[in-house]
Each structure stands twice: as structure tokens, then as C-alpha cells.
């Protein structure tokens, strides 16, 4: 089992548990049929409704790997959705593919600009990412409301609707978009040295600089990519309902995205990141919502339910917690050496770490010591 | 020090009053000295419903010859308290506002009372243990809206002995409309044995929320007869899901929703929604009527319900052009 697989094992286990629980309550949960020439079923729903979150999480992964954070993605979703819908609604032929293409291009272009703005604040002006992106988080939603005039803009455009409701050989377009983005990102950062450079800067910016990596350009690019991902998510969200809601589109999705990235094993402190982990994280977060709906968890307890599962994932991912739980059972681990003196005693972590977590998890060390 | 402070405060108040008067005078219609001055503080402009509410109040004030000083609180209680205080300082005749939140109004309401300015609440109520700090509360009765929805459903299925399975899309958990609309609906439904709410989840009052939850309902349960949505937006989102499941909204699944926005009337005219219970934002004329009465010192009831209708598909087409929001 590779190091990567081992890291993903715990979130995978939780996801399997969630799906199994659903299967127990709703026997038809795993059924996938074809309705109107399109795949249909709970599992498809999870991926379909999870697409916007997945897209944003992918962008967020790179930003977090660079030791940053982007709080503005929800606002960018709203701006992108508002722009696309307003353009289509104002066009002479809302149903023409050219109109839709122009609207989507404008929305994505604007999102890229917003991402670029974030990157500029963070990399060039050196404003703390959390503060820099907070500006756009607040202002962006205002901009979205300005664009829509505070109203929900409804569009009646078949080509735009097909972005969400259409299919490519029975596979929903949303899934195709998600898969294509994952593939593109993987090719970009994992088949080139880009990912390595990002990890280098995120792990130790100064060392990266001394090694000759242009951190500024890289950071700006990462925030721009994140903006485009959020813009794409905005297009998908608004195409889904055929409307743009400046107040609610993508509201709090930045928190879900950060959660998805963290569940996937990317550290908030920057450095190593995992695309597969993020995909898994986003699917878990979305499965949680679907589980609440299909199992009929009362809305009053839904948040508690979600919190408990997330807590569980975090506990399982903590090497220290796993070691503590496993300790009483021994598992053939060499007994802990008796302390020989106050100064010489190996710390608890040192005793536990080598066996329980393995040396393959260098990034998982708590706080730099 | 104290004296400078209070002088400064007075000066600021004067300036505020002067600018506000200037603004009011600019768009006023020269009502003269005897025109009633109404200070109104709105929650914000968070939805089409709210915008229609604001428009209605502005237009009705113009029609009634009442001078309106309008202030937008942008969802902040502090802004609203500030606006009310400035109304008191300007010595308006009547103050009206839609409270952003329920509690924390005691002080400012007492100030208005001691200044002898009557207060009218609109749309939302406040929590207070003091007596007579406001004259009346003009707003929708959410429980009644739920009852109306339930009543129509029961009558619609009066001939049917079979079980009727209902799924419910709730508004944001804990919000007053969500609690009350559920309560009113359940009250009527529970009197009949063959009606059952099989699933009920939070759709957050949004289209995407309604769509996602409805999709989950449809995937896990293939015997849904009725959808009851706490607002139009969730119903509109759910319609997308119902269609993608290969079902006919309005035919295979009866859809009831509350609010009465234009898009919902359009959907109803298209046969996709069966009933819309109105939650009427156009309270302007009723409010101006009340303001006149309160100003004249007449006794008004403590709770006044907004006039609201119930619309079915037959009336949708006809009503559609008149929908303002």
C-alpha cells in the first residue's frame, strides 16, 4: 500500500460507512437506472450536486498548499452566476448557444479577474490571505446583488439548462465537467514539476525562493485558478436551477470547501497536497447532506449529525489518536522504554510515532517544533 | 468635556435633521405643514419580496399624501436603532419599522414613547415585556398561511380514501415562517388519518436547496403524492428535480407553495404548481391607513393581519400580469 493510499484509507472508510448506513436505511440507495436517457440514482445525485463543491475544493487545494486560504469563493460563485444569468436574460436570443457561450465566457473571465485580484493582494502586496480574501468575500456578494438588482434572476435558456441537466452518453454534464477539471488539474500539476514547486513554496517559502522558484507568479496563478474554479461552480449552480440568487448562491461554500480539502489530507499549514484526497473530501461532505435528506435526520439535528461525522473523520486522521486507541491492544509493538531520567525520556510522540504512523507521513507532524 | 460632547452631538443631530429634511423636501409634493410625516426603517433589500414591500410603502405614502422618511437598515439592528433615534430627533409624527431581529428594542421603543411618537411594526414582531410601547403590528399570519395550504389540500383530496403521502420542504430551520407554516399545515392535516407527511427537510428557502432536497426525496421514495414547500423558491427548485426524475410536476405530484412571487405564478400558469398561498408584501395602503388612524389618536387593534389571497391554476393566468414582484 502506497503512502498516499494509506493516508486516504481513513476518509475512504468513513465514506464507505456513510454509504453503508444509507444502504441499510434505504435499500435502493445504490440503484442506478437510466431515466430520460440520463443516469439516475442517489449515487449520481451525490456526484451531481457535489460538483460545485468539488470544483471549488480543487482550486482551494492549491491555495491551501501554498499556505494560503481563499474565503471569497462563495462570493465569486454569486458574481459568476449573476453575470451569466443577467447576460442571458438581457440577450435578444436567450436560447442561442452563442449567447450562452458568451455569458459563460464572461462569467469565467470575471472570476479569473477576481482570483487575480486576490493573488495580487496576497503575493504582491503581502496582505494576509485570510484578510485579503475576506475583502472580496464581503464585497463580492455586494457586487452580485448589484448585478441582479437584489432580485433572483430567472433565465429560460435551453442550452444553459443543459450545462446542468444535460448528459453526454447518459452521464450528466456536471460529472463530465468535474472529471475533466480533475484530469486537467492532475495533468497540470502532477505530470509537470508545477505541483512539486507549489509544495516547495508552501512547505518553506524561503527555501523555495533560495532554490530559485518564482513564488509570486505561482501564488497569483493559484488564486486565479481558484477564482476560475469558483466561477465554473457558479455557472453550474445557476444552470442547475436556471436562476441566479445574489444573496444565497454559494453562501458558506468556502467553509465546506476548506473542510473537504482538510478531510482529504492537505494541511492548512501548506506544503503537501492531494488531489485525490480533495475529491474524496468533497464527496464525503456532499454525501453527508444527501444522507441527512434520505435518512430523514430531523433538520434540527442535521448540523449535529454532520459535526459528529466530521469529528470522527478528524479523529481517525489523527495519528496520535489512533495510536492511543491502539495502544492497549499492543499489536506487537515494542514496549515503550522505561524513562531513564527527566531529560532523557523519549517524548510520548517519539515512542508512538514510528510504529503507528510510519515514517511516510512527514507532513503530518504537529506544529513545527 | 461633557458639554462639548453634547454640543457636538446636538450639532450632528441638527445636520442630520437638516439633510434628511432636504432630501424629503426634494421628492415631496409640497404637502404643506399639515402632512403627516412617517419615518420608516426597512430591514434591507434581501429579496424580491422585500423590494416589493418597500416599493408598495413608498408608492402608498405618495398616494396618501404622507411625507415618508425612508431608511434602509441593511440587516443591521444598530442601523435600525440609529434610524429610529434620528426619527425621534426630527420629531416625525409616526414611526414604522420592520424589525431586523426580535429582541433588543426596549430602550429605543421607550424613547419613542416618551417623545410621544406612536410606533407601528410591520411584517415582523418584537419581543418585549413592556406594555404599550407600540400601537399595532401589521403583518402576515404565517400559521394561517399554513392552514390555508392544508385546507385546500384536504378539500382537493376530499373524495379520496387512499393514503396521501406528503413531502415538506421547510424554510430555514428555526425561522419564524418555517415554524409557523409547518404548524398551521400540520394542524389541518393531522385531523385526517389518510394524510401523512412522509419526509420533511430544510431547504433553506432557496431554489438550489429545494432542488437538492427534493432530488433526495425522489431517489429514496417513489410514492410521493404532494409537495408542500414553505416558499416559492424551494418549490421552483423542486420542480427541476421532479422533471429530471421523469415526472410531471403539478400532475404526478401536486405542488403547494407559499409567497406568490411572479415566477411561481408563471409556473402555476404552466400547470407546474397547483396552489399558491399568498404572503402579501404590498402592505403600503394598509399601513398608510393605519398611520392616519394612529396619528389621529384613534384606537387600533394590537394585531392586524395583512389581506392575503389563495390562488389556484385557474386564476394564475389572469393574475400574472398584475404580479409586481
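The backbone N, Cα and C atoms fix where each Cβ goes, glycine too.
Heads up, TrEMBL stuff is auto-annotated, nobody curated it.
Note that the structure is predicted; figures quoted are calculated from it, not measured.
TrEMBL lists transmembrane segment for one of the ranges A:16-34, A:73-91, namely A:73-91.
Long-range neighbours of the transmembrane segment (A:73-91) within the same chain, counting only residues 6 or more positions beyond its ends whose Cβ lies under 8 Å from a Cβ of the stretch, are 52, 56, 59-60, 99-100, 102-104, 106-108, 110-111, 114-115, 136-141, 143-145, 147-148, 153-155, 157, 160, 226-227, 229-235, 237-238, 243-247, 249-254, 257. Counting same-chain residues at least six beyond the ends of the transmembrane segment (A:168-189), those with a Cβ under 8 angstroms from any Cβ of the stretch are 34, 37-39, 44, 47-48, 50-51, 54-55, 58, 62, 162, 195, 198, 229, 232, 236, 240, 275, 279.
Taking Cβ pairs closer than 8 Å, the transmembrane segment (A:275-295) reaches residues 4, 7-8, 11-12, 14-15, 18-19, 21-22, 25-26, 29, 42, 45-47, 49-50, 53-54, 57-58, 60-61, 182, 185-186, 189-190, 256-257, 259-266, 302, 305-306, 309-310, 313 in its own chain, all 6 or more past its ends. Against the transmembrane segment (A:97-117), the recorded stretches A:46-66, A:129-148, A:218-237, A:249-268 differ in Cβ pairs under 8 Å, and the greatest number is found for A:218-237.
Of the ranges A:46-66, A:129-148, A:249-268, the one with the most Cβ pairs under 8 Å to the transmembrane segment (A:218-237) is A:46-66.
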